[in-house]
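Please read the structure below before turning to the comments.
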Amino acid sequence: MVAQRNYSPHTVRAYRADIHAFLESYRGAPGSISPQVIRSYLATLMARGVGKRTIARKVSALRSFHRALCIQGSEDMNAANHVNLPKMDRKLPSFLTIDEMHELLKLPGTSTPLGMRDQAILEFLYATGTRVSECVALNVNDLDLRTFSIRIMGKGQKERVVLFGRRAANAVSDYLEQGRATLADVNEKALFVNRNGGRLTDRSVRRMLDRYIDQLAITKRISPHSIRHTFATHMLEGGADLRVVQELLGHASLSSTQIYTHTAREHLVRVYEAAHPRAHSNSMAE
């Protein structure tokens, strides 16, 4: 089931936990599970305050589970397919303004190998919009500094080529020559390494990013993933085509990228109102 669907390790762990929790609650034979049983279980979770996104993930996990049972012949019908996913409230992504992002990029001290690494990671994430999980999976041979591009292995093992600018290239180049060279063993393949020379973990990068984000004098809630949102928003505000941004982000569906158009549209409205002499009724005499 997992191999056929190309689920990420994180999704596999979450689905296993969801299926286990459901079976612990049901305690009956898997083959006798009905849509009503699943709906009742989900209603209990919602009454406890479990969010819609978590409920949707649990339904997806149960659909995968019942699909496997059908393939094995243990079930004639996928009961979970008859359970509707909750209607999601699309939350607008949090992002940094250009000035805030510039302030964040100034924070790492580049006098140490780890500081050079942090600077390179921040510049790289902002320049490419890659996920933190994609960033830590990169190897040195994925990088091509001559063409300002890098090969990314995204969700579902889908490969894409992402571009970056000169500032990110310079930061990564400095890190490779002066930072990584003192940290990593000659046989280490990972692009970004920890203080012991091994591959950085997703959690380590998130902790590092959280530390720098906390130093910004802002009140809005920003997470490491917000840098990806910031990349997409700034690209659209700068006039990038939506499908180009979709390709760079590695989104399978255009609808996943369209959520960023709302914030970009707000930016256009602000620019228009500030620039056009008749944007406000009282701005010019009739």
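Glycine is no exception: its Cβ is also placed from the backbone N, Cα and C atoms.
Whatever TrEMBL says is automated annotation, not expert-curated.
Pulled from TrEMBL, these are the features on record:
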- 1-70: domain 'Core-binding (CB)' (DOMAIN)
- 91-273: domain 'Tyr recombinase' (DOMAIN)
- ARG131: active site (ACT_SITE)
- LYS155: active site (ACT_SITE)
- HIS225: active site (ACT_SITE)
- ARG228: active site (ACT_SITE)
- HIS251: active site (ACT_SITE)
- TYR260: active site, O-(3'-phospho-DNA)-tyrosine intermediate (ACT_SITE)
Around the C-beta of HIS251 (active site), how many further C-beta atoms are within 10 angstroms, looking at every protein chain?
17
Might you list, by sequence position, any residue in that chain lying six or more from LYS155 (active site) with a Cβ less than 8 Å away from its Cβ?
SER8, GLY250, ALA252
Can you tell me which active-site residues out of HIS225, ARG228, HIS251 are within 10 A of ARG131 (active site) by Cα, answering none if there aren't any?
HIS225, ARG228
Among the active-site residues HIS225, ARG228, which residue has the fewest other Cβ atoms within 10 Å of its own Cβ?
HIS225
Expressed to the nearest Å, what is the distance separating HIS251 (active site) and ARG228 (active site) at their Cα atoms?
12
Integer mean pLDDT for the domain 'Tyr recombinase' (91-273)
88
Determine, from DSSP, whether ARG131 (active site) sits in helix, strand or coil.
coil
Near the Cβ of ARG131 (active site), how many other Cβ atoms are there if near means within 10 Å?
20
